[in-house]
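Here's the structure, in structure tokens; my notes come after.
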Amino acid sequence: MSLLCYNRGCGQRYDPEGNSDDSCTYHPGVPVFHDALKGWSCCKRRTTDFSDFLSIVGCTKGQHNNEKPPEPVKPEVKITSDKKELADFKPKFNELIIQAPKPIECINRPSSDEPMAKLQLKISASLKQALDKLKLSENDKTVTDESGEIKIGTSCKNGGCLKTFAGPQSNEEVCHYHSGVPIFHEGMKYWSCCRRKTSDFNTFLSLEGCTKGTHLWTKKDDGKKVVPCRHDWHQTGAGVTISIYAKNSMPELSYVEANSTVVNIQVVFEGEKTFQQNVQLWGVIDVAKSYVSLTATKVEVFLKKAEFMTWARLELPQKAPAPSEQNETPEEQE
């Protein structure tokens, strides 16, 4: 009877009688997610694509392991008797909440239909070096050889499938994969197409696919694709900075255009990924004194405030649509 190996990066089924010291290729480390990069603590290889991360070949050989790692136990929060006694001594009274006055919005707010102007791009030396290295290593990232044939050992690109190409017979196998995307939320890990959730990353990797199909050995080139990207903002009295954590952005394809109250952002990074964002600004900016800084790890959009003041938020809240007025004729009263 075959058993399932729970070593990180393996997930294969094996025969216990043939389990030797070099049967399993796995990762002894732990998964590391940092600045949109994914990898293992025991390896130096990093990638931004989750399916590529799952297909990273292990760096250590050993025996297969069929022992499922225990899931972390969440500590229970208990209320002691001392806390209950202290709560009884608290004075009971009605709290009076005083709210600060709402900020006064500008009366003469410029129209959002004003002409847009592209902001100045400032390219850092670190980004130039990173782009030069990427151009030199483009040939090393191809999966197929010059004849167009799939190489032995190529991993299936379907999410959740850990099979590798072993020859023409691999094309006849049924691929069990996840058609959705991985979701990490509040310590839980799962696929959007399944309801099975776990807090252990190793268990998440071994979740069997919920969809049957054929293996995908090479990715289809769909050109530029719009993807989400982590971003945030902070402010000083003089300006607002929007940070977009996109690595290796391409200056010739990326731009930011703005007028006094609207900003349109397009960042092309990692060769084929595009981040787009339209922001209706809460305040008013000086377009001529605003600019964009491109570095190897992120893009920073500096917006010079037209007035030295604190913004309540970055975006102007959308006004709720007014309810349709009903034309009713009042009844005549005698």
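Yeah, the Cβs are placed from backbone N, Cα and C, and that goes for glycine too.
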Of HIS64, HIS176, the one that Swiss-Prot places in the same Zn(2+) 1 site as CYS5, CYS10, CYS24 is HIS64
The correct three-state DSSP answer for CYS161 (Zn(2+) 3 binding site) is coil
The predicted model's mean pLDDT over the domain 'CHORD 2' (156-215) is 84
Cβ density check for CYS175 (Zn(2+) 3 binding site), other Cβ within 10 Å (all protein chains) comes to 18
CYS24 (Zn(2+) 1 binding site) and CYS193 (Zn(2+) 4 binding site), compared by Cα position, are separated in whole Å by 29
According to DSSP, CYS175 (Zn(2+) 3 binding site) sits in strand
CYS193 (Zn(2+) 4 binding site) to CYS10 (Zn(2+) 1 binding site), Cα to Cα, whole Å, comes out at 22
Between the binding-site residues CYS5, CYS24, CYS59, CYS161, the one whose Cβ has the fewest other Cβ atoms within 10 Å is CYS59
